[in-house]
């Protein structure tokens, strides 16, 4: 367990104008004043705050960082904090982010200090306009300071979990009422038994790793999705609503087939096909690690899918379409006999019903556990597409996502009337590792990225996820596929 010392105050927005702060409350920079701290642990920091609540001899000093969204990440564990008020009295605060617990032990006089400060401010503020209790939030802070502390901490936690780690603190609150409160603090942490000391320095908070950092990271890793490009963390709960785009660099991360269907197909119009079709073990593939059937079963439990592709009929901006979406999370999106059969049946249905066709590709290629049966799916799908495109003159759009490799690239992935790729998608026939091991040559960086291949003419469009649905809708209407409800 870690022990932390910090001087703290509960600070409302309106105090900024009365106390003459040199910087706004939305800033993470230091706040200057002339008073000196009496705490030997933080005396050298020399970042102070002006008198608070009209008291020139205020001992609230060395107030440096906003304890809000940016700094909550340093306290993601159950820890006890020792808090010193302006009178030099110390109090124990228990902080449990997981269970939303914030308790002050022996905190009566500490809360009284807060109430006194708020009372002083309230009198000076309301005396000028002749009102004492017009503000409904005044009573909230006056008579239930413990509640306001809990509210503030819970708000900090919730806002942090809905943002990336290095988000600017000025977007934490946008309301104009008085309920927004901040805790400004100067933190000097001391890990029990180790002698490692941490402190704030300027506008950057430096925290050295403690012995339980790894455990804390593992404990909360299920809350985050790490970007493959910038390694930033994205809150998983809101990640889906952001189309799996990194909030920090905009990188397109992998999406599940269900999320893609939800992105492209109008709500309530999705009608799946061949959901009960599952893989057997046609060649009785032998594996010392895990039998093929057991591996398929494990992926079915993990993903909730029966195979690496979902096919069905739906509406895209009210335009009826046939769509197949591959899922890389199911055995790397590998194309086996079931995947090939489901896509072939989808194409045949679209041919019969004269529907436009979309196939979202995300695959590592043919499934080796099914041998030549998986390879023949390339020819089978291509044959069905020939009838769909050449004989029926219908419109097919493949969408190449990361990664699209192997047999999918060599067959239906590159047979579209208009081929669309996502930004930064990895598209290749043979992967980088296979090429380098086979030819003993280094593959140039970025030579298998969508932007480079677009310059070489391998596909027609690079479309981000945000406008993808509207782009497809315009393409379909250009090819005489119109919405059902159009007059």
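These residue numbers are counts, starting from 1, taken along the chain as shown.
A Cβ is built for glycine as well, from the same backbone N, Cα and C atoms used for every other residue.
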Choose the correct range: of 181-203, 204-226, 227-249, 250-272, which one does Swiss-Prot annotate as zinc finger? Give that range.
227-249
Please list the DSSP helix, strand and coil residue counts for the zinc finger (227-249).
7 helix, 4 strand, 12 coil
Taking the centre of the Cβ atoms of 227, 230, 246, 249 as the Zn(2+) site, the remaining residues of that chain with Cβ inside 8 Å are 228, 229, 231, 232, 234, 247, 248, 250, 251
In the domain 'CoA carboxyltransferase N-terminal' (223-487), averaged pLDDT is 94
